């Protein structure tokens, strides 16, 4: 039996030709779907068809696409590591996800669907002015360009763990495949590849859970070891916001985070708007909520399973897993390496999660660039050929940029917390701005823009400073008990008691920088709304709510402002400074 760490690593890298065959077959299937919708299915090559699927998509495929789009490889690899290291406290975020379903379905979704828009940020121009639309579009673009390299990097990390292939070899290949089917097939190709990839994700996790449980002798062994070490734990009702995960941070902070990513983000709203009605959108929303909760439960169980397997020899301490997010791939090769084809199925599942998120963001970026950065600044209507060229060029250009930025992401830390922390720089202020428009008609454009800009500045300062202290090892989050007493191979024992070399301690850090990352989106939205309200009261004055079109408000706000019998009316000229197609207001263009 191998006793050296390097020997163990090489022993586990048994990615045989059946595994490569399964993996390549998944990529080829994605290409074929793109070819079918791009060349075989003869649909009009229009902007609406490419970006919105003609607004005639079916509920179930869209729901699966929403699941696949949101659950990237970051979740598939990051959540098991989270549960392995810190316990199941994070998983109570499912309560926040459920609450998000109610709020989005009855407040945000009806407003967007009624306006019949393509870019979510068209709403901000109609409700406020063009400056707010540009603010939203720029924030979305920055967030996506920062997020997509992480999406690509994570599955490449898994591929490296099981094959030894350098991540900078596999990332361009995967990007080329994704760019091809997104560029050729448009939204329909993206959605139907997402359907295949959702089944691949679920299949991979179920396979790992069943095989790992059988090897250990039953699920009771898994839950017993988790309970004995505090990984299986009741909700923590601590009200201290600096505690990493509590019931309140997962319910309230999780609700706000998921509300932003699902209710006002172009990536998700574009899919809801491709459905023919609000009722269809709500059905897709609840399938999404159920599917996400189920997938998170599977990931969490895999985390407990990994701990039960390695409870006497922690591979993170011994560096058998060189990065935290290589833990699940290591476990997979450990239990599946003698079953040819199954490791390939797992890796295909992880890459499926990445491809779905990447293709979704690329398709959404093409919509935002075209609608928000090109059309408002041209003086004559674009030809269909020009529109097609712009949309596809954006997909190719952004895909290439994100593949290059993987070199930067490689130097960063654990992806789950990192991603949620950095996203909050733009996510919180964006949610706050949309919420102002939908729920608070007294706020006018200058106040909303001031609040949004202040929110971005504040969250940049908070998030980047906090991530700096985490990266330097000053802010340390205590792990659940881990042991290396049962290891049967040699490793560097000095790693066991390694500590931070920082001259500071956690208590020396300003308390605001120690606030849990789960509160970041909430803080960004709250600061944006608060500053906007103060500007309305003290500087710019209040907006007359009756000048705001009823279509731009949530139902209960509309009834309060315009009465119970209020009906949709054209946007007043004073409130729609920007114009859309044919010189009409954006609202009029939608009617």
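Here the Cβ of each residue, glycine as well, is placed from N, Cα and C on the backbone.
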Annotated transmembrane segment segment (source TrEMBL; candidates 259-284, 285-310, 311-336, 467-492): 285-310
Paired segments the transmembrane segment (59-79) and the transmembrane segment (165-184) in contact, 3+ CB pairs under 8 A: no
Any contact, the transmembrane segment (285-310) to the transmembrane segment (91-111), with at least 3 Cβ pairs under 8 A: yes
The transmembrane segment (20-39) versus listed stretches 165-184, 345-369, 447-464, 517-540: most Cβ pairs under 8 Å: 165-184
